[in-house]
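Annotated features, as they stand in TrEMBL:
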| type | residues | note |
| --- | --- | --- |
| REGION | 1-79 | region 'Disordered' |
| COMPBIAS | 1-22 | compositional bias 'Low complexity' |
| COMPBIAS | 67-79 | compositional bias 'Basic and acidic residues' |
| DOMAIN | 177-287 | domain 'L,D-TPase catalytic' |
| ACT_SITE | 248 | active site, proton donor/acceptor |
| ACT_SITE | 263 | active site, nucleophile |
């Protein structure tokens with residue numbers, strides 16, 4: 001392809017997400033009535049609580065002239081804990097039940113059974129429980145009691161997307177980089193010229209009433225060690241694309257909570273890698289609707 005034709009292709013506007021696209025049915029990992037399966041009061045959790053959801057900043061005051069050298073963001077104190085949501089009767093520790101293998105059928109039961117190549121009947125069995133426990137241990141999901149809750153379902157969804165995240169062609173292909181943000185599956189990846197150049201990772205988008213807006217955007221400002229102007233909490237590796245909404249890292253688990261205040265939250269390590277790949281004017285394409293929690 002000639003340079004002129006490639007430039008013309010890149011100049012084509014990206015399709016806007018259809019305004020009348022119906023909201024998808026609630027996903028299999030709807031967490032209604034479930035609670036965190038472990039108490040979370042360790043020092044690392046305190047850091048998470050202090051620094052969680054630091055988003056929906058006001059549109060930043062972009063300084064004129066050359067930015068001084070930015071300090072590196074504080075790093076997490078330890079690995080992120082993926083805490084599964086479970087029935088209240090199966091909460092572990094501090095007076096809770098000591099469930100070794102959950103007898104309960106979880107909301108993501110059938111999806112997890114299919115992924116683990118078990119009979120997808122959507123009903124928990126002792127054999128299903130043991131297989132799900134092994135999967136949870138391998139992916140640092142706690143408590144590993146075999147309950148197929150929303151966190152286990154979300155990890156399965158992420159793993160399924162690794163091979164071909166854009167199999168339904170919802171994110172447009174361009175010769176320039178496009179950040180694809182799939183709110184339906186709560187996933188983000190980057191593609192360029194038909195190739196995935198940043199593997200799919202889990203994200204947390206806006207909570208109900210604070211939805212992340214669909215649309216096509218460009219990254220217009222990047223600030224490695226940003227502080228939220230509304231919440232006065234850190235937004236590491238912030239890359240602003242729509243007013244005060246940014247792609248940025250968080251210190252808590254992106255699978256936890258009902259959602260952000262509008263930004264696209266990534267695990268700290270994922271946001272750091274994404275920072276190293278992207279630049280100003282890179283395209284961001286957002287579609288879908290967050291459902292479930």
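Placed from the backbone N, Cα and C atoms, the Cβ positions cover glycine too.
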Pairwise Cα distance for residue 263 (active site, nucleophile)/residue 248 (active site, proton donor/acceptor) [Å, integer]: 8
Overall pLDDT of the domain 'L,D-TPase catalytic' (177-287), taken as the mean: 95
